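Beneath this line is the structure, given in structure tokens, with notes to follow.
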């Protein structure tokens, strides 16, 4: 039977519940267990797809096209699995589904209430995560902080699930903060005690407590937490601040967290903990030699979580070269043709990531022009590909005023236009072209050199696409369309052979990058940036 582990958090937000859950998933997977993981978010949006990146950070897209919380990116990268739409459940999605059922008459005229209707819907979503994957273990992170009013239905649902499935199939892990009071010169356990008391008041006794701390815990502190929170001392796990997120699984393993979980749930682990691959990765991360500077030109750079998967993918690509990636954050609203060199003269590569809306788009186009004209390695993702074709149309083809129809509906040259199937859609939420789609790669191109095969699959998130009316004209002037959809209708990749590395794609390759397996385009881009840097230094 599938076992269920619930990870809750107390005291403050941003404790690292997601990293804790992902790290535990990695440990259990390395013991030969199949693991899936999900996030319950208590906000009332149906999904984060229409939320501002300033509010939420990046939107992570799964293979089956779900727009989800960025924590799912951590889950996939740590555990090296591909998640599905059941891996992110919001209060908005739950309430919306319950209300649709009520309108259909599914409740036979009964009064619809939080208990049992909302809690039952939450439990159904929880069980679907296990049923859709046949996993040995489902790890569920509960978003928010214990005691938050909006998360109470989720807490109640996971309390009930213990009775539904029996105690031996359910485990609760609670993450708390152990603050250091500088004036007193000591760490305080009281916030942890009160957080656990709050959780117990809601009917949940944690089996294991993960304590986030800046400094090493003494045995006395562990004993005190164990006493007041009514758990064995060995079930108090220290989680120290770390320079690299990839240290966390090893921290937890040293304290036998996986052994405690396996024993508590009577899991049939096939192997002892080795983590050799993870230890090798961490050894590489801790011994990087030199750095490569990438100019990331975007409009949400004041909140770096808006580009989290892109940055992680860049780092992954640096590891085989033993290079650290220094991301230079460049606000595209400040970039113009006249000052682009000031912003970009010191970078080894330029990346324009995905985005929406007209604001700050001209600065991205200026950065792309600088990269093309100065032979600086360029990599464009989604909007970064669309604007690369806009820049080419304006400055190579001479089509003054060329633009994307999304950004300038009145443009005389709509190089980028609305997807045909989007013409009659009015709603914004959940209506993009989303998820994993195949592409065909043209032989004899940089794209083929990168992937080494004729067919690939990557994740997409877009509403607009390249307008094929301009394809022949661009090809005649040197732009190569190296990747297309299987029907040949949609452009997926473009490149400029006369430059050392000028490459862009409509899809989001960052979502499939792994720390031990860099995504091929990112790997090629960082290799090109490294060569560019070495050439500059040897001049």
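We count from 1, first residue shown onward.
Backbone N, Cα and C define each Cβ position, glycine as well.
Positions annotated as active site, nucleophile by Swiss-Prot: 382. The active site feature in Swiss-Prot is assigned to 508, 510; the stated evidence is sequence analysis. Among the features that Swiss-Prot reports, CTP binding site is placed at 13, 148, 149, 150, 188, 189, 190, 191, 192, 193, 224. Swiss-Prot lists 71, 141 with the feature Mg(2+) binding site, giving sequence analysis as the kind of evidence. Residues or ranges marked as domain 'Glutamine amidotransferase type-1' in Swiss-Prot: 293-535. What Swiss-Prot records for 1-267 is region 'Amidoligase domain', and it gives sequence analysis as the kind of evidence.
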From recorded positions 71, 141, 382, 508, 510, the one whose Cα lies nearest residue 192 (CTP binding site) | 141
Cα separation, residue 13 (CTP binding site) to residue 141 (Mg(2+) binding site) (Å, whole number) | 13
Other Cβ atoms within 10 Å is the metric here; tell me which of the recorded positions 224, 508 scores highest.
-> 508
Do you know offhand how many angstrom separate residue 508 (active site) and residue 382 (active site, nucleophile) by C-alpha?
-> 7
Spatial separation of residue 382 (active site, nucleophile) from residue 149 (CTP binding site) - C-alpha basis, Å = 38
Spacing of the two Cα atoms, residue 224 (CTP binding site) and residue 71 (Mg(2+) binding site), in whole angstrom, works out to 32
Given the recorded positions 71, 382, 510, state which is nearest to residue 188 (CTP binding site) when distance is taken between Cα atoms.
-> 71
Of 149, 382, which of the recorded positions has the most Cβ neighbours inside 10 Å?
-> 382
Helix, strand or coil at residue 141 (Mg(2+) binding site) [DSSP, three-state] | strand
Taking the binding-site residues one at a time (13, 192), which has its Cβ surrounded by the most other Cβ atoms within 10 Å?
-> 192
Span of 13, 148, 149, 150, 188, 189, 190, 191, 192, 193, 224 as binders of CTP, largest Cα separation rounded to whole Å, comes out at 31
Among the recorded positions 13, 190, 382, 510, whose Cα is within 10 A of the Cα of residue 71 (Mg(2+) binding site)?
-> none
Please tell me which one of the recorded positions listed here (13, 190, 382) sits closest to residue 510 (active site), measuring Cα to Cα?
-> 382
For the recorded positions 71, 141, 510, work out the Cβ neighbour count at 10 Å and name the residue with the minimum.
-> 71
Integer Å value for the Cα distance linking residue 190 (CTP binding site) with the residue listed as 'active site, nucleophile' is 48
Rounded to an integer, what is the Cα-Cα distance in Å between residue 13 (CTP binding site) and residue 382 (active site, nucleophile)?
-> 32
